[in-house]
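Shown next, in structure tokens, is the structure this report addresses.
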Amino acid sequence: MSKRAEASAWEKLFRYVDEKDLPNLKLYAYHGVDRSIIANHVGQPFWRWVVEFLPLTMAANLVTVVGFAFMVASYALTAFYVPSLTGEAPWWVYMVNALCLFIYQTMDAARRTNTSSPLGELVDHGCDALTTTLMALTVASSLQLGPTWVAQYAIIMSMAGFYAAQWEEYHTGVLDLGIFNVTEAQLSTMGLYVATALLGPSVWLQTITVFGYTVQCNHLFIALATFPMLQNIFSSVYNMAKRVGEGADGLVAVFGRLFPFLSLVAASVVWANYSKADVLQHPQLWIGSFGLLCGNIIGRMVLARVVKQAFHPIQPLLFSFYIGAALSLVGAWSARVEYAFLVGCYVQSILGYYLFAHSVVHEITTYLDIGFLTIKNKRSKKAN
């Protein structure tokens with residue numbers, strides 16, 4: 001009896017890859033283009049130098065997960081001192097944030113051990129999606145955005161760029177990173193952390209006049225960060241509009257795959273706008289839930305591309321936010337019940353992500369006979 005035949009009822013219940021699609025894992029090949037000048041001329045030489053210090057026996061996925069652990073620590077430290085995204089943490093917290101992000105960027109780029117696999121891409125993008133949410137919260141804390149619509153806008157735009165890139169790759173098979181991409185975004189964020197440590201977070205609440213308009217520095221930072229994000233998003237939309245009709249999918253099918261993200265954004269805006277509990281005042285729960293759901297959906301899109309499955313626009317995982325928006329819109333609940341529901345959404349988003357990640361890792365490692373965080377010695381295995 002095969003290992004998959006021995007799978008428990010629990011594993012069968014939470015299965016994300018059809019049996020007939022598993023052989024497509026062996027056809028996997030990564031294709032990507034990075035147009036970043038900094039990444040190509042500064043980052044790559046540095047990352048190649050760093051990678052020489054990593055043990056050859058260290059699995060690529062382990063490198064990524066170790067880097068991600070630093071981002072979790074960075075987020076936890078910031079959330080402890082600044083849970084409401086407003087207030088001042090000790091100066092060293094912001095320096096730790098910069099260091100952790102630098103380590104994550106370095107470890108993420110320093111995947112080495114010749115163990116490239118579809119699982120590696122899923123782990124990489126999965127950690128990136130989670131990191132995007134964690135960074136949005138730590139950046140909002142550093143900028144003193146507070147529990148506001150500006151903080152909500154920041155997480156929406158961060159996830160929009162990520163989703164658009166994966167949406168384009170789902171159809172083209174190529175991850176095309178523009179001149180200003182995640183490398184520049186991370187370096188800018190490191191600079192933000194260092195500036196906050198040296199000048200204090202209150203500096204972002206000062207106002208300046210730009211073209212006759214008076215704006216807070218933190219709002220200006222978000223506005224400036226929006227431009228490269230919009231450029232990358234519009235580039236993906238334009239590229240896909242040109243390709244409609246070239247493949248089997250038509251206009252409705254291609255752009256219909258934007259529905260999960262767009263509907264989640266719409267639901268979050270409606271819910272927050274009509275909320276009796278004022279969900280924006282609970283940023284760790286609210287932004288955390290939104291970001292985790294986005295990351296989960298992005299992970300499912302990546303998985304669908306890797307195993308050549310269809311990615312469906314209707315994602316039941318998002319129903320909790322749809323329900324929250326609907327009940328808030330009609331005023332069908334009290335603030336206390338709504339808050340309890342938000343907590344439930346947060347728990348659901350964590351469990352949903354965990355179950356998805358656990359199941360996919362189990363299915364792929366079992367089928368390909370590879371380790372998750374270790375490198376299997378197949379020569380030794382054959383000898384035995």
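Positions of Cβ are set from backbone N, Cα and C atoms, glycine also.
All TrEMBL annotations are machine predictions without curation.
Note that the coordinates shown come from a computational prediction; the quantities given were computed from them, not determined experimentally.
TrEMBL lists 53-77, 89-107, 192-213, 219-238, 250-272, 284-303, 315-333, 339-356 with the feature transmembrane segment.
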- Query: To the transmembrane segment (315-333), which of 53-77, 192-213, 284-303 is linked by the most Cβ pairs under 8 Å?
  - Reply: 284-303
- Query: Mind checking which residues reach the transmembrane segment (219-238)? Cβ under 8 Å, same chain, six or more beyond either end.
  - Reply: 143, 145, 150, 153-154, 157-158, 160-161, 164-165, 167-168, 176, 178, 180-181, 184-185, 188, 192, 204, 208, 210
- Maximum Cβ pairs under 8 Å to the transmembrane segment (192-213) among 53-77, 89-107, 250-272, 284-303, 339-356 is reached by 89-107
- Message: So if I exclude everything within five residues of the ends of the transmembrane segment (339-356), which remaining residues of that chain have a CB under 8 angstroms from its CBs? That is, six or more out.
- Response: 14, 16, 130, 277, 279, 282, 285-286, 288-289, 292-293, 295-296, 299-300, 317, 320-321, 323-324, 327, 333
- Tertiary contacts of the transmembrane segment (250-272), defined by C-beta under 8 angstroms and 6+ residue spacing from its ends, are 149, 152, 156, 159-160, 163, 167, 170-171, 240, 243-244, 279-280, 286, 290, 293-294, 297, 301, 311, 313-315, 318, 321-322, 324-325, 328-329
